[in-house]
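Colleague: Handing you this structure, nothing more for now.
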Amino acid sequence: MDVGNKSTMSEFVLLGLSNSWELQMFFFMVFSLLYVATMVGNSLIVITVIVDPHLHSPMYFLLTNLSIIDMSLASFATPKMITDYLTGHKTISFDGCLTQIFFLHLFTGTEIILLMAMSFDRYIAICKPLHYASVISPQVCVALVVASWIMGVMHSMSQVIFALTLPFCGPYEVDSFFCDLPVVFQLACVDTYVLGLFMISTSGIIALSCFIVLFNSYVIVLVTVKHHSSRGSSKALSTCTAHFIVVFLFFGPCIFIYMWPLSSFLTDKILSVFYTIFTPTLNPIIYTLRNQEVKIAMRKLKNRFLNFNKAMPS
């Protein structure tokens, strides 16, 4: 964006999900509860994995990083939306809008690569178990996580740099509860067809391609598991099922929004709520409900906490 344009446009108005006061109060309560649940649930996973030595394995190291990303993804816009519903203040500065775009694509891009790393971990564990220790070493796990963040930063920087080149001519109303390129593009004084192609090529195709790779890897894993009836295979099937549910819930909305960036705003708003608020809340539930090791570790952590409180002098 040129300097003259930026000086005349200093903020956007976030229209949110509804203009109805009753619905806004409803959203305020629901999203407040979901946000607290997201932070508590994912924090419990992180603390449990750190405290319990039985969970010091590559799979749970990656799961811990997924929980950290989910907490970050839920925090880049949800707290502002909650306070906006309470105060009625719905504006965001131009720099604040760019910041939201940056962090949204940073966390989603990082999560996409991390989910692929988790899929690779399960593929090696189930399809090539004899090579697991040598292939998925602690160094490899750290490298996968670092690579995820680096690729997330590169992707988000490309989105922000492109947004900086856009001229805006008003009205400066973002038809969503946070800034993202599909809705911000609608305010630009340029051909939206070209902008749509940019979104599809830099986000939509990447998300779709990664989902196809993940889907194929889980199909291979499930076919491998089908030929075994051991308890270990049953455990592997349960873990992979949980992973795939997470992948589907996260990728589905992203693919729709970025493969069809000029689609209905109402549909986009609903899907945006899903992958920025609901999915980070559901991930801890999905993993703990289908994972006996995590549930046992959490019970131990709870008992240690209760015993510590009993031992404290009154």
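From the backbone N, Cα and C atoms, a Cβ is placed for every residue, glycine too.
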Colleague: On the question of membrane sidedness, does Swiss-Prot assign V51 and P138 the same topological domain?
Modeller: yes
Colleague: With Swiss-Prot as the source, which of 170-189, 270-289 is set down as transmembrane segment?
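Modeller: So the range that Swiss-Prot calls transmembrane segment is 270-289.
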Colleague: For the topological domain 'Extracellular' (80-100), give the DSSP counts of helix residues, strand residues and coil residues.
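Modeller: Each residue of the topological domain 'Extracellular' (80-100) counted once, the result is 15 helix, 3 strand, 3 coil.
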Colleague: What is the number of other Cβ atoms found within 10 Å of the Cβ of C97 (disulfide bond)?
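Modeller: Excluding its own Cβ, C97 (disulfide bond) sees 21 Cβ atoms within 10 Å.
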Colleague: Pairs 6 or more apart in sequence, C-beta under 8 angstroms, 3 or more of them: is that satisfied by the transmembrane segment (196-219) and the transmembrane segment (58-79)?
Modeller: no
Colleague: Report, as a single number, how many Cβ atoms besides its own are within 10 Å of the Cβ of C189 (disulfide bond).
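Modeller: By my count, 10.
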Colleague: Which residue counts does DSSP yield for the topological domain 'Cytoplasmic' (50-57) in the helix, strand and coil classes, in that order?
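Modeller: Secondary-structure breakdown of the topological domain 'Cytoplasmic' (50-57): 5 helix, 0 strand, 3 coil.
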